[in-house]
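Novice: In case it's useful when we look at the structure, here is the feature table from TrEMBL:
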- 442-476: coiled coil (COILED)
- 43-147: domain 'Calponin-homology (CH)' (DOMAIN)
- 156-262: domain 'Calponin-homology (CH)' (DOMAIN)
- 758-793: domain 'EF-hand' (DOMAIN)
- 799-834: domain 'EF-hand' (DOMAIN)
- 1-27: region 'Disordered' (REGION)
- 892-912: region 'Disordered' (REGION)
Amino acid sequence: MVDYHSAGQPYPYGGNGPGPNGDYMAQEDDWDRDLLLDPAWEKQQRKTFTAWCNSHLRKAGTQIENIDEDFRDGLKLMLLLEVISGERLPKPERGKMRVHKINNVNKALDFIASKGVKLVSIGAEEIVDGNAKMTLGMIWTIILRFAIQDISVEETSAKEGLLLWCQRKTAPYKNVNVQNFHISWKDGLAFNALIHRHRPELIEYDKLRKDDPVTNLNNAFEVAEKYLDIPKMLDAEDIVGTLRPDEKAIMTYVSCFYHAFSGAQKAETAANRICKVLAVNQENEHLMEDYEKLASDLLEWIKRTIPWLEDRSPQKTIQEMQQKLEDFRDYRRVHKPPKVQEKCQLEINFNTLQTKLRLSNRPAFMPSEGKMVSDINNGWQHLEQAEKGYEEWLLNEIRRLERLDHLAEKFRQKASIHEAWTEGKEAMLKQKDYETATLSDIKALIRKHEAFESDLAAHQDRVEQIAAIAQELNELDYYDSPSVNARCQKICDQWDVLGSLTHSRREALEKTEKQLETIDELHLEYAKRAAPFNNWMESAMEDLQDMFIVHTIEEIEGLIAAHDQFKSTLPDADKEREAILGIQREAQRIADFNSIKLSGNNPYTSVTPQIINSKWERVQQLVPKRDHALLDEQSKQQSNEHLRRQFASQANIVGPWIQTKMEEIGRISIEMNGTLEDQLNHLKQYEQSIVDYKPNIDLLEQQHQLIQEALIFDNKHTNYTMEHIRVGWEQLLTTIARTINEVENQILTRDAKGISQEQMQEFRASFNHFDKDHGGALGPEEFKACLISLGYDVENDRQGDAEFNRIMSVVDPNNSGIVTFQAFIDFMSRETTDTDTADQVIASFKVLAGDKVRHGGATGDGGCPCGLWMFISFFFTPPIYPELHHGRGAAARAAPRPGGVLHRPHGSLPGP
């Protein structure tokens, strides 16, 4: 296969790259020959391309029937090129041999190449051999070059220009939404709308129905052929019967409408240029008003919320604190997220407004005092600090109240047990029974008193525990501390009285002890062993009924292990009980054997066998209850552990995912390749993939809600908290939104300034080269090095420093000490291109006025109306002073520059 255009490297999309003759190819996809394998598309292309060729060949009195056969000898191909170009091609060879045909086709291909088109992989042999795919590809390239390339609409050209033209023309029509050159045209309404827009008398548009595409298409094709001299290039049945009509066939046919109606385009373009200037200024004013309102609302909300978050008034009960926690959760779930979005949107609107103002050569927008983005960020930072401290305080306060409730219940239980034990003890110690007792009775009283002292000593620990609990309740600021203190003081005072009375009674008994000779050793032994055993049973019952609170599975398992250990001591305790009861039975047996009549209960102790058996029975009943309580708590802690693991499993996936995405966004913002539109599409797809991940965050929120409801405060299975996830998610959304906004602003700058993709990539490469820390901004020294590399004379001398300071005042008007990429692009675009000039606007006014001056009207330079000069002076002459632009003061309006001459920036229009 012969390549007649091997000079230079082929452009990736089949053209010869960007430039005066190749831009249209850079906007088109490469000729995809595989698509021709679709018979429906090939059929549409054959018919459309054949009709298009015949529409030009008939001017030379000929036509073709078979597109891949009739061009094989090259004669009609050369004739077609002569007709559409208006130029003469070399004389064709009339021989019938293959070499003559190849030479003719080569002449045609050389002519196409001379017009800046590079036909990669399309050689004369394929055309001569009747290769349908290559022939259709060649004809499509010719259509692009001679019918579509020169289409230009509002700074867009070729395919994009043709699409924009169609969208502008069909915008007012219902049921018409032109987004492409395939399915948007299937119902036929778009074709009819184009005709009706320019020739409304030819189409009754309101009578067309969207559900009758064949009728719509045939109507448009017939009217175009009959009245507009546009041949029928498409079949309605083919378009309707194809899932996606062939884009190239549609573009070819639509381009005929463009050329037929292009005469009315110039006046519309001139009017649009003027409307564009006015619309931009109105839009900027609306954006300023929207920013002020949104900033005021957001700052007011922050101002109202911070005092609420800083309120640390403690509550008396855990229920009240839990309600505060629930209110805080509602704030985090319901009230704060919309404000995060408002803050992000506010920053985006501010950046977009500043970009549009720069592009319109308008002064930068300065918000009202206290409503700068930095003010909002400071307020937001204060809000988040208060929010973090408030949450920590709530959790600590709930733990404190929970601890207080537990301690208060424990205090009441121990105090009740102690008070029940001390009941009647004071009256007993005050008795004078020893004065009338016999010797044996005295001995019994002494032993009984010793047993009481033993019991009293055993209760000393309980009194100390009660005092310690009361002290802890005071230290934790328990709301009912006065009543606790009063009860504790009463117990301590009573304990001191008991101690004093016990000492006095012992002295009285010891005075008569010498007179006592006999004692019932067996009863004494019973009393000594029964008292501690009774105390052990009371302690056991107290422990078995003691409330417990745990937060982990390990704690409950520790309690279960301690309980199991306690149960292992019960057999020994039962033996001790049997031994104690055996002592009592032995005493009774001896008395019965010796015919001794005992005077009732054991004189040495009030702990009877019935009491021991009753308490032992109670212990036996409490043990299984304690088992059930511990097992229930174990089940609860296992459920809590499951919630922890469930949350940790999801958090350990979401957390690293967010971190990875943040790193990827950082790399994408530095390493972005392709056109800005490709980058924008890629970023939006990337943003969509992030938004699509939102259900995982919602699932984590649901799991976190369950954990909060279960009052679970720690999780050893993950280092991620819900706060970390929320902050990371908000930062991720904000970062991708800012990155997209940066690219959109670059597109605005590029489109407004006419910067090519290569220039934009060159600017990006230069900026990234000197952005050593990849922070997205250059310091003064880095920016100076970048300027030197671009050929600016800013070396370290007086003149270079002055020039550098001038440039820095342009790119960094706020003296922030950094140069952003957007500021760099704005500066470079001003250095290389310009926006709509005053001359262009004057020309637009002349087109609308038909180059006529209104009679009787005052004129300025060149016969231009003074009203026009006032319009130009307002929109294209930068304000002499900021006060003038904002309407401040008549004195500022008349203030001259030094020397008595008003300063006019370089390049501005002279006054009328």
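Any Cβ shown, glycine's included, is placed from N, Cα and C.
TrEMBL: automatically predicted annotations, no manual curation.
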Novice: When the domain 'EF-hand' (758-793) is classified with DSSP, how many of its residues are helical, how many are strand and how many are coil?
Specialist: 23 helix, 2 strand, 11 coil
Novice: Below 8 angstroms Cβ to Cβ, which residues of this chain, lying six or more residues outside the domain 'EF-hand' (799-834), approach it?
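Specialist: Beyond its ends, the domain 'EF-hand' (799-834) has Cβ neighbours at 351, 355, 358, 364, 742, 745-746, 749-750, 752-755, 759-760, 763-764, 767, 776-780, 783-784, 786-787, 792-793, 907.
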Novice: Counting by DSSP secondary structure, give me helix, strand and coil numbers for the domain 'Calponin-homology (CH)' (43-147).
Specialist: 67 helix, 0 strand, 38 coil
Novice: Using DSSP, tally how many residues of the domain 'Calponin-homology (CH)' (156-262) sit in helix, strand and coil.
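Specialist: Helix/strand/coil tally for the domain 'Calponin-homology (CH)' (156-262): 69 helix, 2 strand, 36 coil.
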